[in-house]
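As recorded in TrEMBL, the features of this protein are as follows:
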- B:12-33: transmembrane segment (TRANSMEM)
- B:39-60: transmembrane segment (TRANSMEM)
- B:80-100: transmembrane segment (TRANSMEM)
- B:120-140: transmembrane segment (TRANSMEM)
- B:147-166: transmembrane segment (TRANSMEM)
- B:186-204: transmembrane segment (TRANSMEM)
- B:216-240: transmembrane segment (TRANSMEM)
- B:260-285: transmembrane segment (TRANSMEM)
- B:306-323: transmembrane segment (TRANSMEM)
- B:335-357: transmembrane segment (TRANSMEM)
Amino acid sequence: MLEVSEKRHFTHHLYESIKEANLPIGEMSEVEDKQDLLKKLLSGETILLLDKQTKALSASTKGWRDRGVQETTSESVIRGPKEAFTETIRTNTALLRRKIKDPNLRVEAKTIGRKTCTDIAVVYLEGTAEKEVLDQVKERLNQIDIDAVLESGYIEEFIQDAQYSPFPTVYNSEKPDAIAGGILEGRVAILIDGTPNVLLVPALFVNFMQSSEDYYQRADIGTLVRLLRLFCFSVALFMPSLYIAFTTFHQEMIPPPLLISLASQREGVPFPAFVEALMMELTFEVLREAGVRLPKPVGSAVSIVGALVLGQSAVQAGLVSPAMVIVVAITAISSFVFPAYNMAISIRILRFPLMILAATFGLFGIILGMIAMVFHLCSLQSFGKPYMAPLAPMIGKDQKDVLIRLPHWGLLSRPSFFTKSDQKRVDSKSKER
Amino acid sequence: MDNQTISPRQFMFLVILFSVGSSILIVPTPLAANAKQDAWISISISVAIGLLLVVLYNHIATLMKGQTFVQATIAVFGNWFGRVLLFFYLSFLYILASLVLRNIGDFMTTQIIPETPLQFTHILFLIVVIWGAYLGLEAIGRSSEMFMPWVVLLVFFFTITLSPQIKMENLQPVLGNGIVPVVDTSTFVIGTPLLEMVTFLMIIPYVKDGKTKKRAWILGTFIGGAILTLITLLCILILGSDLTALNTYPSYKLAQKINIAGFLEGLEIIIAIIWMITIFFKMVVLYYSTTVGIAQFLTMEDHRPLLLPLGMGMVVLSIIAYPDVAYFETFINETWFPFAITHGLIIPLIVWIGLLFKSKKQNKTQQEPS
Amino acid sequence: MWSMISIIVLALGIFLLEFPKLYKKNRKKEAWFFTIFLLSFTIISVLESLEVELPNPLDLIQTFYKMIGF
């Protein structure tokens, strides 16, 4: 009787000493029930069971195979860091920590997914991130009950504000510098294990028009590139519909020499401009989708087919007019300008209803379509922030980093629509010479 | 309805767009016909009177204490007499909205898309208006901030590109026909758009409080009036009063005269777009206030279910409203002013007096216990 | 004929769009007013599409103001 209790006392002592000091492993936790133990074992942890102890020790010895930090494939830049997030959440948080060495950077872990038990980390700057936004993020994450989470898209659809909108209200990027920049503005990042795409909320319309490179090039260049992107936004959205409207309804508004040249081109074309445009736009969408899915060695074949067969031959065969090919080409190239792929998709989608409106009501239809779109954009919200801020509602002092970008010494404060506290960014004395 | 608010600046933008919308198309013609080269003087007179009117509206708005015009009227005059007044007020707004709809429809089908039947133009326009009213006041206010810079920019562009063609002699002789026709004609602009501003008594309770709240309405009216004056002045300076009076849409005709360095022509479409946007905002404000007003009149909680059915009625009303332009011209020249005075001045005055009595009574009952 | 059918289809569409929402929230008054407005305006629209001469409220207003001397 005495022996047994002594033994138990001894193992307990051993257990405590192992837990406290003797294992040189960073992450240690106690496990008390079998279910939990199994889960930990299956996620790659080492379990230490001691005789006559009701608790077990679990050491984090996870060692996934990963592909290491590589160059980004979807958001390439000329100047600036080229690294991208990986599929491993630990690596990703380390990449962020390396950029922001502030003690206030918080990483809150969570698991979502009954079967996959996917690790999720909410990363933010304590004191800078707005509490309301943070609470909303946590609340929405806690509500999710799903069996599997394989990619950040699963989470995005649960937490986004507007379910029925072509416009994205959650930003995602695989570039650590873009995410770190967002966190420094007071936004909240959501990292999901198993995917390099990290979510960032709240996301406003202007965020999708900006690239992290805008901050690395000199300010004047950054500004010009942003204005160019805005121009491309309108071209990608309105160009085909304007072409349809002008050639079918408002010929009198085209300058006569141009009208003559357009008319002579369209002479042999058997279709109305709308069908012609729709055909070419659809063809282009097909080509683009094929280009994404193709194995790399076959890729050049598609570009030959696309450029030669569909472009040149369609014109020579008299199926479409050369002007139409130019319009489609400009539209297509303009839609590649956006740094955010999900915004480019919404523009691609919206182009088609606008084309239908242009074919039925001409410019009147296009303008009404545009007004309806702006009203929709103005009614959207992302985690309580108006989507079109700081343009509507207009916030004067935040214009410094929206359509234009002031030099870094001029960006004195953080954007006020993300954070009200901890506004100071640059000390105004740092430019004195 | 649903506690959406707009900022004073957004409110001011809405007032500007409201006063420019549709008036910009229909005002210059009758003004030039009656006041000849002095049309711009009569429009300035009416803007000055309009500012006084807005002071009255502002005063009513303060007395309403956060209630809309409909709620306040019912509170003051009770269910029976209040509702009789409101029936007239709301039907005024509804008729006004359908006339504005007809204006844009007429403009579009005569100038921009002659192939399209009138009713389809109206239906498409109204669908987008309903969409705007469905999204609520916040979206309307924010969108006004998105479009306002463009309107201002293009009015500037318009003025600058036309300035080489200005012929000062078109203005002379100043007051050549005496002051009487000038003052007489000013009633026209008071009728549209200034008395129509009574609509904003439905919007102003939703404007956030602030120092600029009162100023917003006055400043907005002033800027809107200034734009109207500028466009009328340009019409007379460039086209001359006779040609202005002959054209149905002189401000559009004016845009056709833009010619930059001999190759940039046909820019009138841009101007048409700007007029369309201003009319759209006028329409959305009118439609929103009408449906909210009717919903509050019927003590409903939400105005959204009414949007589509009332829209159906509006399309029909806008088409049967007048058979031809001649009918519209006699209506707008002869009947509109007394019609607008009744609903834009007399009804608000009655409510104002009622509100004054009520607040005095309240003050007394508050003072007595102390 | 076709315009009449499309008006009725449109009215049915509006009804199906709005009515279930009101019914679910148990807003009887709203549902009533909505139905009354929709029904009356559908009838008016159908009459208009059949080119029946509808009374114009503007005529009424004009005669009223002429009567009192404008």
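Just so you know, glycine gets a Cβ as well, placed from its N, Cα and C.
Just so you know, TrEMBL annotations never went through curation; they're auto-generated.
Outside the transmembrane segment (B:147-166) by six or more residues, the chain places 13, 16-17, 20, 227, 230-231, 234, 237-238, 254-255, 257-258, 260, 267, 270-271, 274, 277-278, 281 with a CB less than 8 A from a CB of the stretch.
When each of the listed stretches B:12-33, B:39-60, B:216-240, B:260-285, B:335-357 is scored by C-beta pairs under 8 angstroms to the transmembrane segment (B:186-204), B:39-60 comes out highest.
Listed by sequence, the residues of this chain that lie at least six past the ends of the transmembrane segment (B:306-323) yet keep a Cβ under 8 A from its Cβ atoms are 94-95, 97-99, 101-102, 105, 118-119, 122-123, 126-127, 129-130, 133-134, 287, 290-291, 294-295, 300, 331. Just going by CB pairs under 8 A, the stretch in B:12-33, B:80-100, B:216-240, B:260-285 that sits most against the transmembrane segment (B:120-140) is B:260-285. Between the transmembrane segment (B:335-357) and the stretches B:39-60, B:216-240, B:260-285, Cβ pairs under 8 Å are most numerous for B:39-60. Nonlocal intrachain contacts for the transmembrane segment (B:39-60), taken as residues 6+ away from its ends with a CB within less than 8 angstroms of a stretch CB, comprise 27-28, 31-32, 69, 171, 174-175, 182-190, 194-195, 197-198, 200-201, 204, 214, 217-218, 221-222, 225-226, 228-229, 232-233, 235-236, 241, 244, 344-345, 348-349, 351-352, 355. Outside the transmembrane segment (B:80-100), and at least 6 residues removed from its termini, the chain residues within Cβ reach (under 8 Å) are 21-22, 69-70, 73-74, 196, 198-199, 279, 282-283, 286-287, 289-290, 293-294, 297, 310, 314, 317-318, 321, 339-340, 342-344, 347, 350-351.
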